[in-house]
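The transmembrane segment annotation in TrEMBL covers 20-41, 139-155, 162-182, 188-205, 217-238, 258-276, 317-336, 356-381.
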Amino acid sequence: MHGHGHGHAPAAPAGRRVRLAIAALLVPCALATLIGVVLLWPGGAGHSEPVGAEEPVRATVVAATASDCVAGSGDGACAGITVRTADGPVPGQDLLLVVPIEPGTPRFAVGDEVVLGWSGADPNNPGSYRIADFQRSEPLWWLAALFAVAVLLLGRWRGLAALVALGLSFVVLLAFVLPAILAGRDPLSVAIVGSGLIMFLVLYLTHGFSARTSTAVLGTLLSLALIGGLGAAFSAAARLTGLDDQTTTLIASLGTGVDARGLLLAGVVIGALGVLDDVTVTQTSAVWELHAVDPAMGTRRLFAAAMRIGRDHVASAVNTLVLAYAGASLPLMLLFTLSGQPLEVIATQQDVATEIVRTLVGSIGLVASVPITTGIAALVVGRPSAR
């Protein structure tokens with residue numbers, strides 16, 4: 001989210017006719033969202049068996065020395081890592097694990113807290129375990145606490161509402177979106193319904209029930225619909241399958257008919273939602289504040305003045321979205337750059353083209369959200385009945 005000020009002076013009261021018009025548009029959308037949740041709810045149809053799962057076991061490195069490699073682990077150097085388990089089938093036991101030293105192998109030191117993967121075989125045999133990763137829960141919890149404190153210090157009660165809304169967003173993703181996709185529901189439909197639910201919860205909880213918030217909700221809904229439509233059209237036109245390495249592995253593991261292209265589109269919709277609600281709330285607030293300063297402003301003047309603000313906002317928001325996608329795909333970009341192929345060849349590769357479509361579709365929706373939301377807001381407060 002950007003740091004653009006979302007002013008919250010007392011909202012200009014919208015007229016009864018305008019409120020009814022907004023409600024006539026939003027109530028069916030809210031009902032459709034709830035019906036969509038019911039129809040797409042995974043129920044007991046989710047994927048119940050863990051896919052390629054090992055039981056995690058927490059452990060601490062107590063010794064790290066050079067070691068001879070075991071048969072089948074390669075001809076290079078190896079390290080002997082002795083770990084002491086903290087939980088799992090046999091807590092407190094020491095295990096000597098031989099780890100090949102390769103360019104991507106982490107360097108382990110005494111005192112490192114790690115996570116082992118236990119295959120479920122003989123718990124006393126070191127061969128039944130492997131070092132899966134480092135334990136990272138403590139620094140992540142501290143970082144989350146620092147984030148929460150920063151939000152509360154700046155936003156106070158509104159910041160608390162924002163944190164609650166963020167928690168609800170994760171609940172929707174973990175309890176509905178992910179299980180529904182794993183249960184074989186259409187990913188794009190799940191993403192649209194899930195995004196709609198998140199949007200209603202987050203915007204109304206954070207900004208309250210008002211004509212101002214409802215205007216932002218309506219602008220966000222229309223922009224999301226545009227993003228979904230453009231994403232579907234251009235992913236089909238570019239013949240994008242959505243089958244990158246991770247998606248292929250997921251589908252092979254699940255053995256279910258997960259729609260890879262739908263999964264791609266779902267990511268586009270959900271990824272754009274966070275930036276969209278920032279833009280729509282800011283534009284709505286801009287129109288309301290302009291009207292509060294000069295209540296005599298008509299719809300056209302309000303729209304023109306707010307669009308001047310919106311142009312500055314959308315420029316930075318689009319840059320944020322593009323750089324976020326570029327940062328996420330940086331290793332992929334480096335790999336293709338090293339290939340030495342011409343730019344036009346690199347850009348049309350499946351993985352790169354996917355990121356281009358994802359970025360441009362999200363950016364177009366973001367740009368469109370400014371005039372859409374500004375126009376709705378100007379109509380709401382610029383009408384004589386709303387003054």
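Every residue, even glycine, has its Cβ placed from backbone N, Cα and C.
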>> Can you tell me which parts of the same chain pack against the transmembrane segment (258-276), counting only residues 6+ beyond its ends and a CB-CB cutoff under 8 A?
In response: 1, 173, 177, 181-182, 184, 186-192, 194-195, 198-199, 220, 223-224, 227-228, 231-232, 235-236, 240-243, 247-248, 250-251, 317, 320-321, 325, 354, 357-358, 361-362, 365-366, 369
>> I need to check the long-range neighbours of the transmembrane segment (20-41): which residues 6 or more away from its ends have a CB within less than 8 Å of a CB in the stretch?
In response: 14, 176, 180, 185-186, 189-190, 192-193, 196-197, 200, 211, 214-215, 217-218, 221, 380
>> Counting only residues 6 or more past its boundaries, what in the same chain has a CB within less than 8 Å of a CB in the transmembrane segment (162-182)?
In response: 37, 40-42, 46-47, 148, 151-152, 155, 190-191, 194, 197-198, 201-202, 205-206, 254, 256, 258, 263, 266, 270
